[in-house]
Amino acid sequence: MGSIGFVNMSFVKKLEAVGIKCRVFNPLPGLNMFMNNRDHRKITVIDGKIGYTGGYNLENEYFNFTHPYGEWKDTGIRICGQAVRSLTVSFLEMWNASSKEECDSEENLAFYLKDRNYPENCAGCIQPYADSPLDGEQVSEEVYISMVNKAERYCYFMRTYLIITDGLAHALSLASKRGVDVRIVTHGIPDKKPIYRVMRSFYNEPAENGVRIFEWNPDFCHAKMIVADDRLATCGTINLDYRSLYHHFENGCFMTDVPDILSIKEDFDETFKQCREVTEKYSIKWSVPHRLSRMIIRLFSQLL
């Protein structure tokens, strides 16, 4: 589970009382060197055979049982087969980091990471990946930039936050200029208003370079997907902001030539119908005071 600032510790005790093992990552974030690093990964593994990941947390609003921000849109992926092994490794990595009861003994690894034979009749490839702020590698950002650079016809993003790095902004702009249909969907109703204002300050540069920007009209869009050319896609936990790309522990699944990628494309097509496009509004040259205000707001972007 996340961190003590976000977790009710009495709830943890209730889980343990009924036999559910539970660990809190980074339990005292203000008192150690990792205070800025949050476990944002979302992984479920069942018997090493089935795995789930995506944007969903275990909270009522994620399943529209409650509506603090109106209707909630989210996405997840269910995978089977050998790819589940990578999700299991990512889960065990965080468990070991949060517990004195480590799972990396030969006996435990043999139990959790059993070799299984799977039929080789599945099309395409799925590669789960994990991102850590401690290894000096920006895996998620590199995956995204690579997908944008490989896109020939279209590349669609669906993300909660749009506070993009210079490298990703450059890749998006170049793709648009070479004729790729680049679109970004984000939420129309904020859960954190200060961050929402910073996010909108990042609309201008992509919009001025031909990237189309949409805000999901119904309410809050928490989905985290990319699809390109009907053959490349990702689904996971990573937002387009500095915290996700540089400070958080994250994970996702990269897919290539998998038939279900067409279902992701269909979801984007339906989502666009529910969005308002704000490209034109942010592609114009703003006044000097507005640009100055935008520059000041963006000074805080790497902290959000």
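In case you wondered, yes, glycine gets a Cβ from its N, Cα and C as well.
Residues or ranges marked as domain 'PLD phosphodiesterase' by TrEMBL: 35-62 (among others). Note on the domain 'PLD phosphodiesterase' (35-62): mean pLDDT across this stretch is 88.
Under the heading domain 'PLD phosphodiesterase', TrEMBL lists 222-244 (among others).
Secondary structure counts, DSSP: the domain 'PLD phosphodiesterase' (222-244) has 3 helix, 10 strand, 10 coil. In terms of DSSP secondary structure, the domain 'PLD phosphodiesterase' (35-62) contains 3 helix, 10 strand, 15 coil.
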